[in-house]
Amino acid sequence: MAGPEPEPVSSAAATTPAPSAPVVLPKTSESDQLLKIRHSMSHVMAMAVQQLFPKARVTIGPWTETGFYYDFDNPDPFTEADLKAIKKGMIKIINKKLPLQRVEVSRNEAEEKIKAQNEPYKLEILQGLHEPITLYTLGEDWWDLCAGPHVDHTGQLNAKAFELESLAGAYWRGDETKAQLQRIYGTAWESPEQLAEHKRRKEEALRRDHRRIGKDLDLFSIEDEAGAGLVFWHPRGARIRLLIEEFWRQAHFEGGYELLYTPHVADISLWKTSGHLDFYAESMFGPMEVDEREYQLKPMNCPFHVLTYASKLRSYRELPIRWAELGTVYRYERPGVMHGLMRVRGFTQDDAHVFCLPEQISDEILKILDLTERILSAFDFSNYEINLSTRPEKSIGEDAVWDLATKGLIEALERKGWAYKIDEGGGAFYGPKIDLKIEDAIGRMWQCSTIQLDFNLPERFELDYIAADGSKQRPIMIHRAIFGSLERFFGIMTENYAGDYPFWLAPEQVRLLPVTDEVQPYAEQLLDQLTKAGVRATVDRSGDRLGKLIRTGEQMKIPVLAVIGAKEAEQNAVSLRSRRDGDLGVTAVSDLLSAAQMANSERAAGLELNR
């Protein structure tokens, strides 16, 4: 598989002392103290770096959800040995209990201080700031442009509760045409126990890395010859994807949706009308000329659904119209941000668009929330974090429509009984939205589902319907994606299960292990029975000893291993070993078939055998 390999799992998880009771790790965004600790740690690190490397120029150093980082412009690359020296320098600064003090200065004063320190990046940052300019001093000699907040002094930082974790490359302002910088990542917590728990979770995250699992289980690859960010689904991964798609289609049909299939390319004029060329061109692949017309790969499915709506006259009696598509889109992603299945250049979105009347908004949003819960819970995601983003200062659309749409979203969430936070002014310029994050098995939150109202595309494409009074009116358009993209969801799901997929979703559900050549015909006969019953089964024909057959099956995370010896063949039975339930003993073939079919129909995690 091309691209960077996941980090090796170290022995740190085993050597880090585990806390005696479960440690709840606070989130930076929800803990003022943790935010101050991490923000202050980034300053302490920058000070230590400049003490050790006087030629290093500082840029920015924010807090993150698990720690902090700082970007430096240094003539020589930092090394792992440098990180150790920097950490020692940080501990010295912490032990000195140096004060962190907020100072307001004029633009001219700030400019003079920056020039005196020869900090060109800070000078550029200053140009974008409004007076009064704030900076924070650390001790008497070191300072940084910053709005805060910070701890009162470095003695409030725990020298045993932080770590410098890694080095990475970065570009100034995230622009590949600008200076390449060196980023140092760190983590900081309130206590050593929290740090130990963070390390444990990090090791667990490495064990669950979907790139490693994808390679070990032969699920997918990304091939250099084809290009970066383009996914090759191998048979086992394709089987899982097919199961996801089949469930998704069934749920949508039952939810009152119809399916669409739309082209992968369109005339460039479509992207002009939709506004993508004005606002999204940097994320689109370049045009191609065919028969003297310019075409571009689609970055989104929305304009195609809009054209389908506009293909005939619509009546209010038809609304709501619900259309869904598993549509593959193509977006340019910079080389440095692509990551396994999580960030790719070609991916399949589970897009749906609802065209409805204004008074139908609340009911339609509630139906979408119900469908979202049904689909996500089938993959064992049941804890959600929900944000409702409202009208920004710059927006399009009438006040009454915005108010009605926002009220409809709130009403639907209230009717659903889901807790949510309001992000005032955080909506898109063309409509309010709901964002839903899912929590995985190790407590990480992943952005997943989006429900977005759109007042822009109906206006740009002049969509309408004939109202009850015979007038033409604009429909309300709701964008909606539950998975976000199949590729990204597949990666999240794989890490959530650590590759141990539930029985109904496993690419290979049962592996038959014939102990001798004499029982091989019986194994082949049983394979035929299982396959015809809709069970995904194989026979291990390697001829290896039983111990190795079992180890190989366990390494491939097969849910059920069926050992076949002479006794089992005589009894028309198998000896079952389950990853979930252990040794299940000798089981009649008829019972295995019934249990497997039941597990598939109920989308169950394992077999329920009648004993």
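Just so it is clear, glycine is given a Cβ too, placed from its N, Cα and C backbone atoms.
Since the structure is predicted, the reported quantities are computational estimates derived from the model, not experimental observations.
Record features, source Swiss-Prot:
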- Cys302, His353, His479: Zn(2+) binding site (BINDING)
- 8-24: compositional bias 'Low complexity' (COMPBIAS)
- 1-27: region 'Disordered' (REGION)
- 209-502: region 'Catalytic' (REGION)
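Between the binding-site residues His353, His479, His353 has the most other Cβ atoms inside 10 Å of its own Cβ, all protein chains included. With a cut-off of 8 Å between CB atoms and residues at least 6 apart in sequence, the same chain places Ser274, Asp351, His353, Asp454, Leu457, His479 near Cys302 (Zn(2+) binding site), listed in sequence order. Close to the recorded Zn(2+) site, the chain also has Met300, Asn301, His305, Val306, Asp351, Ala352, Gln452, Asp454, Leu457, Met477, Ile478, Arg480: residues not among Cys302, His353, His479 whose Cβ is within 8 Å of the site's Cβ mean position.
Looking only at the region 'Catalytic' (209-502), the predicted model's pLDDT averages out at 94. DSSP assigns His479 (Zn(2+) binding site) to a strand.
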